[in-house]
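Per Swiss-Prot, transmembrane segment is recorded for 10-30, 42-62, 80-100, 136-156, 160-180, 183-203.
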Amino acid sequence: MPPLRWQACLFITINAVALSMLLFDAPVGASERPAAVKELGELLTGFGDSAWLICISILLFFQGKAGYKLLKTARSKAQALYVSWIGAYLFTTVVFSGLLANLLKRAIGRARPDHFHDYGMFSFTPFSGHAAFESFPSGHSTTVGAFFAAFALLFPRYRVAFIACAIWLGMTRVMVGAHYPSDVIAGLAFGGWFSLLTAIVYARCGLLFKLAPDGWPLAKRLFPDIEKPGAL
């Protein structure tokens, strides 16, 4: 991994989580969210559910596999195979980052914002077996971060839009009162890191990505039309 990039990203992540804990978590835990904000969060948060994201990855995988068998030209087969590997990559990042995040949140055992007045924002009960003590990091935000970071790496031209989607869907967990802001930031960052590391592994296996001279994973260009300005 490129030394300067990962160190800078890690520094930013740690400070963002720490500042959020110090500045934003207590006000969020102590205050009641406006009804309109909570309703908006409830409306949007389902779009980041891991079940949907896993279904998308599986659909892409099998669509690519079917295309590989049905299409005739070598170029079409290569593109279909590329789609199937995108599905496999998304599945890997979403499923395994989510599993790790769930293990972490159980091991850390941070109380959720609903219990702020009872326990405060720095109450930790590891391996309690109760969802009330599984706040940090946000598993929902982890899968969202992994999913959209994967797309940002695959299609970097649109990375700003993907990052914005991840932030919005992640912060819906704050809107509905399920997590503190620091839980969401940590989850998004963890998911993004997992996608990056997985992309590096794929690149070393010659799949989907190639490594730049500085070690950063770059998506292979098998869809030149997507790279044209204005293309979707």
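Heads up, the Cβ atoms here are built off N, Cα and C, so glycines get one too.
Under 8 Å from some Cβ of the transmembrane segment (42-62) lie the Cβ atoms of residues 83-84, 86-91, 94-95, 98, 139-141, 143-144, 147, 168-170, 172-173, 175-176, all in the same chain and six or more residues away from its ends. Between the transmembrane segment (80-100) and the listed ranges 10-30, 136-156, 160-180, the one holding the most Cβ pairs under 8 Å is 136-156. Remote same-chain residues near the transmembrane segment (10-30) are listed as 113, 116-117, 120-121, 174, 180-182, 185-186, 189, 193 (criterion: CB distance under 8 Å, separation of at least six residues from the stretch ends).
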